[in-house]
């Protein structure tokens, strides 16, 4: 294992340089962190106990990634001295040659030489002035004892010795970088999985079966689970999670039966698990970074216990919500204590003296205690264990002796954020329902009988029809189909309405995120000594580094952050020129996006400042600098916003034991910059790799980021496509994309065996026919090759539930989703357009409802609007769909159980979605999406509107009966009928040719049923209209 030790040189020098830079900056700004220390001395003696690291060991782990026992660090801003043994020195030797010089002193068996090495370190310490050490150093072992003796003998004054603990915490260990935060997050996820998926299940099984097991035995059982890699693989903690790097930060401890230790410092005892209040805590350490998680589980709690737990949960939530960047540690504690006192003052004596502490490589950072006296300021990137509890509470209604007193505890690992706190252990629920168990009062719900659907009999009951006239019989297949579709849509809409009411109950919050705009504050400088030196002349200074413009006002340089400035302009006036700077302030009425809220209605704001000067060139230069700085800031903010959802993928794990499956002569879309040359796609263990050209740019697409995989054959197309739609966008060159496509041209030119040269002779008909046949064979072979490769991708990504989807061209319809009219094709799970960029991929499972716009008689096209279940996502529009596709689109939407509506006008969807997100409960309480179907519902409400254009009124029927007694072809009767029905009955019907065809069809059907007496009337009506 020792031979595998490789120290990350780049990370070592980055962290060492960062520490030294902070040190030097602190000296310039008043020694607030390092307290004037000129050197740091820290020693590690014997190796730390498993799972427990003190500050010196934690410092070594932070710098080197490993703990080096019997090693001394002496650090000054100009030199890093390391005293260690020969073998350890061989691992440290590659660290030389960085920005901060590293000197390695190798200890041997010569005692005098060893003393000289210590003396060399002590000389460096004395030369630097004050030294920072751990005054209560607990390092043990011969090496540590020898260093302590040498340090005491050096006669360094007590006032020159600073406490090292807070310095290391402030400057190095407390604030974690992204890599460290990811490791702590993974440790927390693994701990949550162990608590939720294993401990809770084991505990409930033991209590349910009334088995007897001691606290120690149950704790050991949970502790042994760390050696089960399959358990953690099944829980899917994270990609590339290495179970071999797990260790215990806090070994599992189980407490019950009235004896509780909320500091979790005692070993589990041999008492049996008691079915009452059970407290469990554990914490895994992953890659030397730890976390702690604790929960209280109650078996058959009474009302008093439930009330106490709810109060503790409120206090815990308040602590979590209070933690953010810039908050003082004691404020968090005092706020929680004040809240507890306001609810139940008598519980103050049961509340702990602190509600948490810092954690990382070190198990407990004492300088980061969340107590009532700690003035430490919390910073973004710090990690804490939040531990709240109520100890030794009396149970008013104890069911047995062991339940007379009980304690409650909640422990979580969190990360401090800029505006809020992220709970890493949130996967283990802490609500009352999840933490309460009732084993004796279980009630089995009775199975509700399923409602039976009325089905039409398979065999006709009688051959006598119930209707008298032709238009009353449901013989028209289109009408039956339409009726079935309407009925199914009613069911879907009703179901959607019920889901909305259940999802957004009364009191549901707005979905708009920040409900109210906040007054933004910006800080240019924390101290006056950070101002640029050029401000001493009281000149206008544009500080681009700190994004600030300093203006001389009343003899003082006043900084204005660039975010507070609207614009700057200058106007020449004879010998003078005027510089006018306009500021952003509330109430300007410059548009909804720029308008700012009032923080204080009585506050005064500067709208503009004007400066006059003879120096025209300088004022012109200042104006340009301010304008350019403003543009740069706006551009950076836009780029940052655009890159917010771009994820950094994990590393691709290449196939090593065999050659990967490769598809050659492939072009990728979106295309890479540079010359258009083909590349190859390779299938590796956890993703795809596209290699552009010969040894060019490589683009990796991981299976874990794949949402959909499509194969589109070359039929009726010029290219064959394998298309990957991603969960999160990635960067390809300088472009952000969620769709990656691998294509090959399917035209004859691509496969021309003559090397793409011009033919030397013309083909006859026979040769052209052979050429067409050959091209069909090549296309079929090409489709087969791509389809097989797509299936290999799906097989390799089967753990991520990726499968190949093929568009149904026969269900496709033309439309304009972006710029041009393209063929939109449904697939099993999506609605896609993969031929022309920008591509379209709409997941059917994410669709809430579809609305068809501009559906009215006389228009040749209609529009389709897709509303997503995520109401924050803007609706997708597919415009200019030919009206011939209206019925096929409706049939397809109905077949995939998507509710749809239609209307004659285009709607303002921005306003509609704003209404939905502002108060979703009220939206669904008022009928939800039913407002879209208002017009169509009105039409459906009158059953006469749905009937045939051949409807006959009672008076017409009387005339018809009289005429039929005289003659089947009475012209007067025909005139009366056609005259009365021509305007009203057919004003909204179809044109005559269509109606006559329908009439003839129905006549034939009537003849087959034996209704001969109706045929002359229909012919008379039809003949008269023509």
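Here, residue 1 is simply the first one shown, and the rest follow in order.
Note: Cβ is positioned from N, Cα and C throughout, glycine not excepted.
Fair warning: this is a prediction, and the values are worked out from it, not measured in the lab.
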Of 684-706, 707-729, 730-752, 753-775, the range TrEMBL labels region 'Disordered': 753-775
535-562, 563-590, 591-618, 619-646 - the range that TrEMBL marks as coiled coil: 619-646
TrEMBL annotation (region 'Disordered') - matching range among 388-444, 445-501, 787-843: 445-501
Confidence summary for the coiled coil (619-646), mean pLDDT rounded: 84
